[in-house]
Every structure is written in C-alpha cells, then in structure tokens.
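*Asks:* Sharing a structure below in structure tokens format, with a few things to ask.
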Amino acid sequence: MFTRIALFLATNLAVLILASIVMSLLGVDSRSMSGLLVMAGIFGFGGSFISLLLSKWMAKRSTGAVVITEPRNQTERWLLATVERQAKAAGIGMPEVAVYEGPEINAFATGANRNNALVAVSTGLLHNMSEDEAEAVLGHEIAHVANGDMITMALLQGVLNTFVIVLARVVGGIIDSALSGNREGGGRGFAYFIIVFVLEMVFGLFATMISMWFSRHREFRADAGGASLAGRQKMIAALERLQLNHGQSTLPTQIAAFGIAGSTAKKLFMSHPPLEERIAALRASTVA
C-alpha cells in the first residue's frame with residue numbers, strides 16, 4: 001500500500017511497550033496522576049521525535065534512495081532545478097533530492113524541519129510521468145515540507161501516544177480493581193498488565209484513526225500547494241496518471257508519500273483520500 005504508517009506506528013508501538021516495562025520497573029503508580037503524566041509524556045513524545053529526527057536516515061536506508069550531489073544526466077539536472085525553484089517559491093531551504101529504484105509511481109518528502117528536508121522520487125515516476133506531471137508531484141512534496149506536516153504529525157502522534165499510555169493505565173486500574181474486589185484501585189497483578197496491554201492496542205487503533213484523518217486532511221492541503229507551485233491542471237493530470245497505475249508500493253513510512261492507500265483498506269485507516277476526491281477538490285478550487 002501507498003502509506004506512511006508502518007515504520008512510524010511500529011516505532012510508537014515499541015515505545016508504548018517500552019513505557020509499560022519501564023514504568024513497571026520504576027514502580028510508577030497509575031494512581032499518581034502527576035507521575036503517570038510525566039512518564040507518559042516522556043515516552044509518548046519520545047518515540048515520535050526520535051522517529052522524526054531519524055526520518056531522513058530511515059527513508060534513505062529503507063528505500064535505497066541515492067541523493068543527487070552531482071547530476072549525471074538531464075533528468076537529474078531537471079529534478080534539481082525544479083525542486084530548487086519550487087523550494088524558493090515556497091520559502092524553504094533547498095531539500096536534498098534523491099532517486100530510488102521502484103516500479104511504482106511515487107515520491108515522498110521527509111525531514112525534521114522545513115530547511116533540512118529530503119524529497120525523493122521513484123524511477124517508476126520518472127519513467128511513467130511527463131515533466132509537467134512530475135513537476136506537480138514535486139510541488140506536492142514541497143508543499144508538505146513548507147506546511148510543516150512532518151513536525152505536526154510528530155506532535156499529534158506524541159499527544160496520541162501520551163493519551164493512550166495514560167488512559168490505558170487509568171482504565172486498566174479501574175477494571176483490575178473491580179475484578180479483584182480492591183476498592184482502593186491500582187492492582188499490580190499479572191491481570192493488570194494484560195488489561196493495560198489490551199487497552200493500549202484498542203486505544204491505539206482509535207489513535208491511528210485520528211492520525212490518519214489528519215493525514216488525509218493534509219493531503220488535500222499538499223495538493224492545493226502543489227497546484228499553486230506547478231499549476232492546477234498539472235496537479236490534476238498527475239493524480240489522473242496515478243489512477244491508471246494502481247500498483248502496490250514498497251515504501252516504508254514516516255514519510256509523506258504522494259500515493260494513496262490500497263483500495264482494500266478501510267477509509268478510516270487510509271493515509272490518503274481516494275484519488276477521485278482529491279481530483280474533485282482540485283477542480284472545485286480557485287487555484288490557477
């Protein structure tokens with residue numbers, strides 16, 4: 001699927017599990033709300049920002065993307081010139097530009113801030129899209145960077161992680177107390193940890209729905225930004241080209257990918273809106 005979910009959520013899931021272990025070892029009492037909030041905040045935001053800070057390295061390593069330092073051909077020269085022009089128009093620093101091997105038509109942007117980003121495109125995109133269509137895709141990715149989508153996503157995920165950690169322990173303590181007959185609450189038996197683990201999984205699903213809703217919202221904004229930088233008709237043409245190429249992506253995540261989630265995915269868990277909705281939104285917009 002064309003998603004940005006797997007690595008990012010895997011990192012945050014690992015943090016949730018680690019938080020459970022560490023808080024248990026440190027004896028953090030779920031009845032001590034201040035201590036719980038502090039620990040949940042540290043672990044909740046920790047995973048998000050570690051993932052964000054490592055996002056460029058992870059993206060390069062997982063896709064095999066090669067950064068263009070000295071253009072070797074006309075295509076690479078065009079890529080650098082186009083990204084430089086769009087970055088200047090968007091008011092951001094020049095991102096690193098990379099190409100990775102992949103048959104799918106796709107591109108992504110990632111990085112910890114607006115002036116230290118990475119924009120990469122697949123060889124499938126370069127082989128199957130016209131320059132006008134590719135220009136629109138690059139504009140879409142530059143818009144992600146200019147909008148600060150990566151840092152905003154990390155902040156949102158940090159809040160959601162913290163919420164999941166706290167709520168799972170508070171509700172888990174209540175359930176464990178009710179089951180054990182301990183009216184003072186805060187049971188620390190094996191059942192308590194099982195309950196908390198299950199609740200983290202359940203609440204984590206709801207948190208994922210929220211983060212994916214935000215992801216879909218930001219795709220519309222990035223489409224509008226791409227239309228402003230490259231032209232609305234070019235942006236529409238790029239999306240229409242994607243409709244003709246529904247191949248499966250091998251992209252990992254924590255990257256702002258241009259594609260869409262697989263057609264079999266439930267809409268609540270889709271990181272991108274359906275292509276027809278994105279095209280309709282562009283047709284209804286006032287961007288030239």
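Cβ from N, Cα, C; glycine included.
Dumping what Swiss-Prot says about this protein:
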type: TRANSMEM; residues: 5-25; note: transmembrane segment
type: TRANSMEM; residues: 34-54; note: transmembrane segment
type: BINDING; residues: H140, H144, E219; note: Zn(2+) binding site
type: ACT_SITE; residues: E141; note: active site
type: TRANSMEM; residues: 155-175; note: transmembrane segment
type: TRANSMEM; residues: 190-210; note: transmembrane segment
*Asks:* Give me the count of other Cβ atoms within 10 A of the Cβ belonging to E141 (active site).
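*Replies:* Looking across every protein chain shown, the total is 29.
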*Asks:* Any idea what DSSP makes of H144 (Zn(2+) binding site), helix, strand or coil?
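*Replies:* SS state of H144 (Zn(2+) binding site) = helix.
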*Asks:* Looking only at Cβ atoms, how many others are within 10 Å of the one on H140 (Zn(2+) binding site)?
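*Replies:* For H140 (Zn(2+) binding site), the count of other Cβ atoms within 10 Å is 29.
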*Asks:* Write out the long-range same-chain contacts of E219 (Zn(2+) binding site), meaning residues 6 or more apart in sequence whose Cβ is under 8 Å from its Cβ.
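*Replies:* Spatial neighbours, sequence-distant, of E219 (Zn(2+) binding site): S271, H272, P273, R278.
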